[in-house]
Structures are given as C-alpha cells and as structure tokens.
Amino acid sequence: MNGSSNLRIACVMVGLPARGKTYISYKVSRYLTWLGIKTQIFSVGNYRRKLAGLNLPHTFFDVNNAEGIKKRHEAASCALNDMINWFEKEDGTVAIFDATNSSKKARAWINNALTARNIQVLFIESVCEDKDIILSNIKDVKLSSPDYCNRDPNAATEDFMKRIKHYEETYETVTEQELTYIKLINVGSQYIINMIRGYLESRIVYYLMNLHTRPKRIWFSRHGESLFNLEDRIGGDAGLSPRGEQYALKLPELVRQNIGDRPLTVWTSSMTRTIQTARHLDFPKKQWKALDELDTGVCDGMTYEEIAIKYPDDFARRDEDKFNYRYRGGESYRDLVLRLEPVIMDLERHENILIISHQATIRCMYAYFMGLSHEQLPYARIPLHTIIELKPKAFSCEEKLYKVDVGSVDTYRPKGQLARKLTNDKFVSSMSPLSEGASGEIVDAKTPILPIKPMEATSTC
Ligand code: G3H
C-alpha cells in the first residue's frame, strides 16, 4: 500500500472502438496541462503496436484468437505498469489510460491495481450508437492511424467495422455501482455519473460535460491600437488611437468577408478599448470581466523602460520565468489561466464566437487550443489589427490570420529586451496587397501544431 498523500487520479477510458475515447483523452490532457496539472496519456494501442506490429487484420481482435488475447493483455499490463511507475517516480497527478476496457473483469483488474496504490480511479465511458458519428470517426481518425497506414480506405473501413464487431461480442457497459464513473452518451446528449469524489474529479467531469464534437471556429482579435500602445505603456484603460478607430471601422467588413453570415456572438472584456473596437459590429455582444488584460499591479500605466529602472529585480525575474512571475499587487500568466478557465469552458460549449480582448488574455486562450507549453505561452505572437481564426480538429487546431490594412505599433517584447516600438505599416504593405483597397485577407495559414503525444510504450515487454 502506497502511503502517498498526494492526490493521484487515473482516468480510465471505456468504450467500443471509434467512440471518441482518444479524442476525449487528448482534450482532457490538454485542458489539465494548460491548468498546470501534470498529466500524461497511456495509450494501450501504442503498446500493442510495439508488441504485435502494425497493420493487424481484424482477426487479431477476434475473441477466439488466443494469441491476440495474450498480446493484448500483455500490452495492457505494460501500459498499466508504466502508468503506475509514472505516478510513483515522476510525481504525476492525472494519468489517462486509453483503451477499450470493455469488460467488468478488465475494469476490476485495473481498479484493484490502482486503488491498492492509493490512486483514485475515474472511469470515463463513451457510448455512441449513432452510425454516422461512428463512421465519420473511423474516416477522420482511424484511417490515418498507424494501424492502417498505406491501406485502401474502403478496405480499411470494412476491416475496422469487423474489428468493432469482435469487441461487441464481449462488451459490457459500466454498471458497477462500486466504481466512480461518468458515462457520456451519444456525444453529450446524456450523462450518467456515479460516486464522483473531490474537486479535481468534479472539474474533469464538468469539463467533459461541456465538450462537444460539432465542428466549430473561434476568432480572436486584440482591441484596435490604443493611446497607451502608442506610448508603449502597459495596463490602463485608454481609448483607441486614430488607427485603432480605423481598425474598429474596418472590422465589420473584415468579419463579413472572412467569417461570412454565420450567427456570430462577440465577447469583449470590460475595458474601454475592446468595447470601442466592437462597437460597429452588429452582433449580440457580451462583456466578460474575465477577459480583461493581465493586471500589472504597481506597474500599471508604466513603460517597460520605466519598470526596468524602478523595479530592476522584478523586470529580470519576469524575463527568467514570465509564466509564473506575478506583478506586485497584480497577476501572473498562471493567475490569468485560472481566471480564463470559465471562458474556455463556455468556448467549448459554443460555436461561432469572436473574442475581442487583449494580448495576454488571448495568449492564454490561444495556448489552450494550440497546446503551447507554459514556457511558450507568454511569448505567443498576437499582433494588433489581425483576426486569428482557429478551427479545432480531432488532435490539433488549424490557424489562419486575417490582417487589416491599418498600421499599428508592434507591442511584442522578446525575452531579454526592453520594449520594441516599431510601426508595422511597412510590414503590412509588404506582406499583402491590402494597401490597394482590400479590407482584409489571410496573411498566414500556419501548420497546425503537433498534438500532445501519448507517452511512448516504455516497458521492455
Ligand atoms: O501587460 C500587458 C501586456 O499585454 C502583456 O504583455 O506579457 O508580453 O509583457 P507581456
């Protein structure tokens, strides 16, 4: 029996193949990592591929295939051992055990092994009977998996359907009253929850209840250039500069051209510059205090040069660890992530939201969707006078930037430097033909970042 008093939770996925278990694992992992909770996925599929190879036919998964069963058990044992080692040696907090775990016997085995080590177990079952959702999951996710590399898509789909049939023969939905579980039925149309304990399990359950898989897009824009931006001052509640006003005036046309006639909702912060930026947009609006800029405490209204002179130690400490540095009397990026958590929850629930906010707040939300680390987050480039469009996919996020032909200062301050105050008029006209009259266009379509990888199968099975 492990004497650890630290909270450790294993989220154990349950469900037939192609029910979105891996998608849910990635989403939970990304969300918890963003919050600063040490999280790792253990994918039994990866262990099985390492043990038994790629391109296995459906017969490998036949319930009467003794060799297949042996290998699959071996893979599950190795993954479970690695997961336990990770909790014990690497001080992990939440592990996600991604496998079908589709029999009572398998779940009892996992539950006993983990609870004996003082690790809480939360079973997350995804039940889905909608044939279209299952088929689109197979096409979008399974056919690109290493299990089917270089296979004809139709033959692979047929094989995968047969694999599902094998699992259906022995599948037992979770009904064990002694287990802690959440059952997600038909992608969020119903939930069954049993014996949830404590704050962190409740957070995970609440997050799962906000997730949906309908395709969506999210747009972010900073406020137009402000009078404080012109002076390189941070914080404050200044109004827009003349160029910021021009951006606000051009925004409706940019939205119409690039977002189209979707039923958009605009969220702003409670600060003057975002409210002014949104004021010509003819859509329902909501103000969120949570979207206000990072509180810079005693440095509010100062330039970076002034901060470096008046608070040199603070200035240096912020450069050393920008994510964790908290302004005296103000906030850190870590604080900001926590402040923005309810916004992220609401964003997961909604479609077609344009958020007009600030550099630091947009960095935090952008990092959640793009899977940036806490080191990368405070240095993400969020330029003025640009709309960032994000299109979340199964394991990544596509990004496009729409830039407007109105110049602005560049407020980006690279690590270790005092403020840079350059206009980017030149940058805009050299990047795009916008100065010839267009109101906005895509200037960049970045490659989606790689998803968080499940932990490699490390055991020497
Ligand atoms: O202080 C407000 C800024 O938008 C945040 O910028 O974190 O790069 O200093 P910074």
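Quick reminder: no glycine exception, Cβ is built from N, Cα and C everywhere.
Nobody curates TrEMBL annotations by hand; they come from automatic prediction.
Features as listed in TrEMBL:
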- His223: active site, tele-phosphohistidine intermediate (ACT_SITE)
- Glu293: active site, proton donor/acceptor (ACT_SITE)
- Arg222, His223, Gly224, Glu225, Ser226, Leu227, Phe228, Asn229, Arg273: substrate binding site (BINDING)
- 5-215: domain '6-phosphofructo-2-kinase' (DOMAIN)
About how far apart, in whole Å, are the alpha carbons (Cα) of Glu293 (active site, proton donor/acceptor) and His223 (active site, tele-phosphohistidine intermediate)?
11
Beyond the listed site residues Arg222, His223, Gly224, Glu225, Ser226, Leu227, Phe228, Asn229, Arg273, identify every same-chain residue whose Cβ lies within 8 Å of the center of their Cβ atoms for the substrate site.
Ala238, Gly239, Leu240, Ser241, Gly244, Thr277, Leu384
Over the span of the domain '6-phosphofructo-2-kinase' (5-215), how high is the average pLDDT in this prediction?
94
Please state how far apart, in Å and to a whole number, the two most distant Cα atoms are among Arg222, His223, Gly224, Glu225, Ser226, Leu227, Phe228, Asn229, Arg273, the recorded substrate-binding residues.
14
Indicate whether Arg273 (substrate binding site) is helix, strand or coil by DSSP.
helix
Same chain, 6+ residues apart, C-beta under 8 Å of the C-beta of Phe228 (substrate binding site), given in sequence order
Ile234, Gly235, Gly236, Ala238, Gly301
Three-class DSSP secondary structure - Arg222 (substrate binding site)
strand
The residue listed as 'active site, proton donor/acceptor' falls, by three-state DSSP, under coil
Taking the Cβ of Arg222 (substrate binding site) as reference, which residues of that chain separated by at least 6 in sequence fall under 8 Å from it?
Ile356, Ser357, His358, Gln359, Ile362, Ile382, Pro383, Leu384, His385, Thr386
Just jot down the residues in the same chain as Arg273 (substrate binding site), at least 6 apart in sequence, with C-beta under 8 A of its C-beta; none if empty.
His223, Gly224, Ser226, Asp237, Ala238, Gly239, Leu240, Gly244
